[in-house]
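> Below is the structure I would like to discuss, written out as C-alpha cells.
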C-alpha cells in the first residue's frame, strides 16, 4: 500500500511539473538575437526573429526589449500563433528611420495582424515624424502620406499598457477590426505642428476600453470611426488637439454605424473641439446612437459641444450638403468649464435626418466669465437640471 501511495504521489508531482513547465513563459531578449541599442543599427530582423520564436511556441512568451534605443524599419508581426499569450515588455525606445521617405508610403510602421492575446507593456515609440510634417507644410500632396506608428488589425484580446508614442508621421495608434482591447496609461505627444496625427483611432471594432491616458496631438485625441460599438473611454486628458470625435461618419454610401459609446471623466485643455460628432454632408446609411458624454471639463475649448453634419473638406462630393447619417440618443451630462468662442453648444444637424433624443443635463459652459450661447439646426431633445448656455433644443 505504501508503495502505491508513493507512486501516486510521484505521479502527481510529475504531472504538476509538466503543467508548470507548459505554463511558464519563455523569454526572448532581442539583444541576444542581434538587436543593437545604438539607435542606428537596423534591428528589424532581430525583432522578427523573437516574434517567430514566440509565435511558434506552445508556451506563453515574453519578447524583452532592454533599455536603449533600437532602430526599426516598417515591420509586421503576423499570426495566428500557437499560443495566445505573447507579451512585448519594452524597457527602451523604438525609433523609426529619420528619413521619412523610408517608411512614408507604408501604411504602418509597427503592425500586428491576425493575432490573439498580445500585450504591449511599457516603452517609447518614436515615429520621427517632424521632417514629414515640414514637408507637408511646404509641398503638400507631393510628400508621402506617412505611416501610422502602431497598427492592429483583425485581432482579439489585446492589452496596451504604459506605452508612449512620440512624433508619429500619421496616426499614433489605429485599432481596426478588433474584439476586446484594453489601452491603459497611454501617452501621446508631439513637438510642433503635426497634421493628421490622431492619437488613437478606433473603427470596425467592439469591446475597446481606453483608460487613464494623456494625449497631445495635431488632430483628434481619440477618433471613432464607422463600425465601432461598446467603446468605453475614461480618465483621458486631451490637449492640444481636436478633441474626442465620433467621425467623420458617412463618407461611404453603405457604412456601418457607431453605437454604445461612453466617454466619461475627461479633460480638454486648449483644444479645437471638446465632444464632437461629425458626418459628411452626403447620402449614407450610417448612424450614431446610444452615446453618453459624462463628467467632462473644458478649459478654453473652441467648440466644447458640437455636432457637425455638414463636414465636407474642399467642398467636393457633397451634393446639397445633406447628410444621411442618423444621430440619436446622445446624452451630455455634467459638462462644465470655459469656451474660447461665444457659441459653446452647437448642433448643426442634417435637414433630411434631424438629430433626435439629444439630452443636456447639468451643463455649465461660460465664455469670458459670461454666459455663452447655443445654436441649433434640425435638432430635437430635452434638458434637465441647470443648463448654461440656455438650451436651443
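A Cβ is built for glycine as well, from the same backbone N, Cα and C atoms used for every other residue.
Feature list, courtesy of Swiss-Prot:
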type     : residues : note
SIGNAL   : 1-23     : signal peptide
REPEAT   : 115-136  : repeat 'PbH1 1'
REPEAT   : 178-204  : repeat 'PbH1 2'
REPEAT   : 205-226  : repeat 'PbH1 3'
ACT_SITE : 219      : active site, proton donor
DISULFID : 221-238  : disulfide bond
REPEAT   : 228-248  : repeat 'PbH1 4'
ACT_SITE : 242      : active site
REPEAT   : 258-279  : repeat 'PbH1 5'
CARBOHYD : 260      : N-linked glycosylation site
REPEAT   : 288-309  : repeat 'PbH1 6'
DISULFID : 349-355  : disulfide bond
DISULFID : 376-392  : disulfide bond
> Around residue 260 (N-linked glycosylation site), how many other CB atoms lie within 10 A of its CB?
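Other Cβ atoms within 10 Å of residue 260 (N-linked glycosylation site): 14.
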> Sorted by position, what residues of the same chain at least six away from residue 392 (disulfide bond) have a C-beta under 8 A from it?
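Same-chain residues close to residue 392 (disulfide bond) (Cβ under 8 Å, separated by 6 or more) are 345, 347, 374, 375, 376, 379.
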> Going by Cα-Cα distance, which of the recorded positions (219, 260, 349, 355) sits nearest to residue 238 (disulfide bond)?
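Its closest listed neighbour, by Cα, is 219.
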> Measuring CA to CA, name the entry from the recorded positions 219, 260, 349, 355 that ends up nearest residue 242 (active site).
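Of all the candidates listed, 219 is nearest in space.
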> Is it the case that the repeat 'PbH1 6' (288-309) and the repeat 'PbH1 1' (115-136) have 3 or more CB pairs under 8 Å, with pairs at least 6 apart in sequence?
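As far as Cβ distances go (cut-off 8 Å, pairs 6 or more apart), the repeat 'PbH1 6' (288-309) and the repeat 'PbH1 1' (115-136) do not touch.
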> If we check Cα distances from residue 260 (N-linked glycosylation site), which of the recorded positions 219, 221, 349, 355 wins as closest?
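Comparing Cα positions, the closest of these recorded positions turns out to be 355.
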> May I ask for the distance between residue 221 (disulfide bond) and residue 355 (disulfide bond), taken between their Cα atoms and rounded to an integer number of Å?
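Counting only the Cα atoms, the answer is 24 Å.
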> Which bits of the chain, at least 6 residues beyond where the repeat 'PbH1 5' (258-279) starts or stops, bring a Cβ under 8 A of a Cβ in it?
221, 224-250, 286-309, 311, 323, 325, 327, 330, 332, 335, 337, 340, 350
> On a count of neighbouring CB atoms within 10 A, which of the disulfide-bonded residues 238, 349, 355 is highest?
238
> Can you name the residues of this chain that are 6 or more positions from the residue listed as 'active site, proton donor' yet have a C-beta less than 8 Å from its C-beta?
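Those within reach of the residue listed as 'active site, proton donor', by Cβ under 8 Å and sequence separation of 6 or more, are 194, 195, 196, 197, 198, 199, 241, 242.
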> Taking 10 A as the limit, how many CB atoms besides its own sit near the CB of residue 221 (disulfide bond)?
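Excluding its own Cβ, residue 221 (disulfide bond) sees 30 Cβ atoms within 10 Å.
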